[in-house]
Amino acid sequence: VYNATPTWGVSVGDALGVADPVLTQHLHQHQGQTFSFLGIRVSSPLSLVVNGKRPPASALAPPRLALSNPSAPP
């Protein structure tokens with residue numbers, strides 16, 4: 001689950017409700033093989049319902065900003 005803290009997750013057998021999912025078909029080729037699969041994205045783990053309950057606010061990972069400047073000297 002994207003944007004979830006490492007300490008929160010779902011387990012096999014959990015009932016999962018997904019509000020406003022975005023379904024995307026992925027198609028990748030690598031070393032002569034083709035991989036095709038569906039992906040489901042939601043805006044936040046807080047929009048899920050797991051076993052009839054919303055996840056706690058602590059399930060949402062804090063935002064991180066990563067900057068890079070390839071032209072900067074090492």
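The backbone N, Cα and C atoms fix where each Cβ goes, glycine too.
As annotated by TrEMBL, domain 'Tetratricopeptide repeat protein 5 OB fold' applies to 1-61. Taken through DSSP, the domain 'Tetratricopeptide repeat protein 5 OB fold' (1-61) splits into 6 helix, 27 strand, 28 coil.
If you look up TrEMBL, you'll see 54-74 marked as region 'Disordered'. Distant neighbours of the region 'Disordered' (54-74): 3-5, 7-8, 44-46, 48; these residues of the same chain sit at least 6 beyond its ends, with a Cβ under 8 Å from one of its Cβ atoms.
If you look up TrEMBL, you'll see 55-74 marked as compositional bias 'Low complexity'.
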